[in-house]
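Visitor: Pulled the feature table from Swiss-Prot, pasting it below:
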TRANSMEM  55-75  transmembrane segment
TRANSMEM  79-99  transmembrane segment
TRANSMEM  245-265  transmembrane segment
TRANSMEM  271-291  transmembrane segment
ACT_SITE  Asp324  active site, 4-aspartylphosphate intermediate
BINDING   Asp361, Glu365, Phe393, Lys394, Ala395, Glu396, Thr397, Arg398, Met399, Ser400, Lys412  ATP binding site
BINDING   Asp535, Asp539  Mg(2+) binding site
TRANSMEM  605-625  transmembrane segment
TRANSMEM  633-653  transmembrane segment
TRANSMEM  677-697  transmembrane segment
Amino acid sequence: MMRPVVVKEKRVNESHIHAVEDEVRQAKTMDRDIVKHAMKQSVAKLNPKVMIKNPIMFVVEIGFVITFILSFLPSHSSSIPGWFNITVSLILLFTVLFANFAEALAEGRGKAQADSLKQSKKDVFANVVKENGEIVQVSATDLRKDDVVIVKQGEMIPSDGEVIKGLASVDESAITGESAPVIKEAGGDFCSVTGGTMVVSDEITIVITSNPGKSFIDKMISLVEGAARQKTPNEIALNTVLTSLTLIFLIVVVTLPIFTNYLGFQIDTAVLVALLVCLIPTTIGGLLSAIGIAGMDRVTKFNVLAMSGKAVEAAGDINTIILDKTGTITFGNRMAHTLLPVGNETIEQVGKWAAISSVLDETPEGRSVIEYVQAKSISYNRELAEQGEFIPFKAETRMSGVDLQDGMKVRKGAVGSVIEWVRSQGGTIPKDVNQKADFISKEGGTPLVVAVDNRIYGLIYLKDTVKPGMRERFEQLRQMGIKTVMCTGDNPLTAATIAKEAGVDEFVAECKPEDKIAVIKAEQDKGKLVAMTGDGTNDAPALAQADVGLAMNSGTTAAKEAANMIDLDSNPTKIIEVVGIGKQLLMTRGALTTFSIANDIAKYFAIIPAMFTLAIPQMEALNIMKLTSPLSAILSALLFNAVIIPLLIPLAMKGIAYKPMSSNALLGRNLLIYGLGGVIVPFIGIKVIDIIVGLFI
């Protein structure tokens, strides 16, 4: 009896295994294609017009050309065999090719992502609503900004837009990778839709917000392909320093023959070129572009779209993070937990008016009030509310409700706002309102006051919970020297309770949109870089003001245009990971720069004795590695200089291991690993290569 079940399970498992194997096979095939393309591009990039963009590697390429030409000319030095020049030129050629390969490999990963995005741009047609109401079918490429389009179940959304009518489930897996459909509806902060996604239920009317070539997917393709990539300020500054070092060493090498002639001996041109290449920071010069491209690639793989490399770098330098409480620190599903009447009112009266104020309220909180009242079997007149005029919640008023046909006004909202509203109606405030509001706040809940005209009936106790692990994450940020500030519309007591439970450093209670800008500016005035998340139109000014603004893909077009990063998963807590990726990018660049410059110490001890020992025997004392011969020493240093670039490509692409700790601790750790390591590794590497080279010369 059990045998068929076992067989079925086995088949299911085998099917799953085959699916996984197919995915692995496809990934390996794609990686092979990327490597093949990178190998071709590494040769194509030898074009001087391309190479001159990287001055360090351009100097190496010139060195290759010089030594290659010299290999066909008669040698004037009896100590330099004929094969030496061609060997040096080949090593220099591979040094340049390895650097080009690193950059092409990083670019290739971006192009692979771009190709998958291009597949989502299918040739679709749109049902455009003309001004006279006529519906005309046109190609998506003919759509223009402000066109009105109807999209039905099973149809592809033709271009970016905002829902102006209806409600529908939309499959955004082509963009976000998330298979679960999301709800899009007119009004609010979840009205934005993206071209290339599909309506899986119902029907919506949208207004197009972008012209052809300017859509969200077009921007993504441009960014991941690198077409829009520009060097960041830090990258330009480092490149300037490295180029200056190269120029200094070039002057030293060019003037060196003057001094050697004075001392009575000459140095072969190929040896001078080898000295120059070993002195200049070729390792970081060859990997610098790859590090920057790979940094943006890591952010993209994390399902975050960075509008520029500058945004990623800025994330690594962040000092303060502004976080919304709801949805970021807490789950955001505040549900009606209980009702508390005030004065001589009854729980039935509170429930009745709370329900009437929530009938037309489609927010999770509003629906939870209706569910709670129904669960408690409290009666209320639903038709009375449906016939009234709904007053939606606004950040400025901090309350919502309904104006009934008989003139009565029902409101629910923040304690201070409703009390002020009741007083403006000429009402009096029950003594126990603030007492019960404080009780709810101390419990970590959110109190909403229910009032009708000039009379307060009671409070709704909304309960929310802090996401697990938030305290630990904030502690990690604290270790990195990053301050966290929680912004919430809750009253100070509720905000203080949540802030203490979550472990944030500071909080701003009863926060309005303009207050966020004030907080950001206050931090920036102290010389700090600020990051924040947001999804609504009212968040747009603050997102634009912040140094790193992370907008949610589910949010409004205004928010996404104001931000310099967009989270395709619409997960506000991801700002913490984005900061980590930014720090990893900066650390990787700094660590490999340290390693590259530290390498020079070992190269000095290899090449300097090799150049001068014949003329100045005392220089042999510097040959602490006991290298086989002068020629072997020069070739070993050059070979190590070339080979170290491809060996470090995985580290440049993946980024160095990152652990949350203070800046001083990170500096000490990286100096120990990459500074001291940069000194020791080449000593070992050059010696091993010398032993191998010594077998052939």
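The backbone N, Cα and C atoms fix where each Cβ goes, and this holds for glycine too.
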Visitor: DSSP on Asp539 (Mg(2+) binding site), three-state: which is it?
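Guide: Looking at the DSSP assignment, Asp539 (Mg(2+) binding site) belongs to a helix.
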Visitor: Over all pairs in Asp361, Glu365, Phe393, Lys394, Ala395, Glu396, Thr397, Arg398, Met399, Ser400, Lys412, the listed ATP binding residues, work out the largest Cα-Cα distance in Å.
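Guide: Value for the max Cα separation, rounded to a whole number: 18 Å.
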Visitor: Select the closest residue to Ala395 (ATP binding site) from the following recorded positions, measuring between CA atoms: Asp324, Asp535, Asp539.
Guide: Asp539
Visitor: Including all protein chains displayed, how many Cβ atoms other than that of Lys412 (ATP binding site) lie within 10 Å of its Cβ?
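Guide: For Lys412 (ATP binding site), the count of other Cβ atoms within 10 Å is 26.
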Visitor: Are there residues at least 6 beyond the ends of the transmembrane segment (677-697) whose Cβ is under 8 Å from a Cβ of it, and what are they?
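Guide: Residues 594-599, 601-603, 605-606, 625, 627-629, 631-633, 635-637, 639-640, 643-644.
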Visitor: Just the number: how many Å between the Cα atoms of Lys412 (ATP binding site) and Asp324 (active site, 4-aspartylphosphate intermediate)?
Guide: 22
Visitor: Closest to the residue listed as 'active site, 4-aspartylphosphate intermediate': which of the binding-site residues Phe393, Thr397, Met399, Asp539, going by Cα position?
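Guide: Of all the candidates listed, Asp539 is nearest in space.
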Visitor: What is the one among the binding-site residues Asp361, Asp535 whose Cβ has the most other Cβ atoms less than or equal to 10 Å away?
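Guide: The residue with the most neighbouring Cβ atoms within 10 Å is Asp535.
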Visitor: Mind giving me a neighbour count for Thr397 (ATP binding site)? Other Cβ atoms within 10 Å of its Cβ, every protein chain shown.
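Guide: Other Cβ atoms found within 10 Å: 17.
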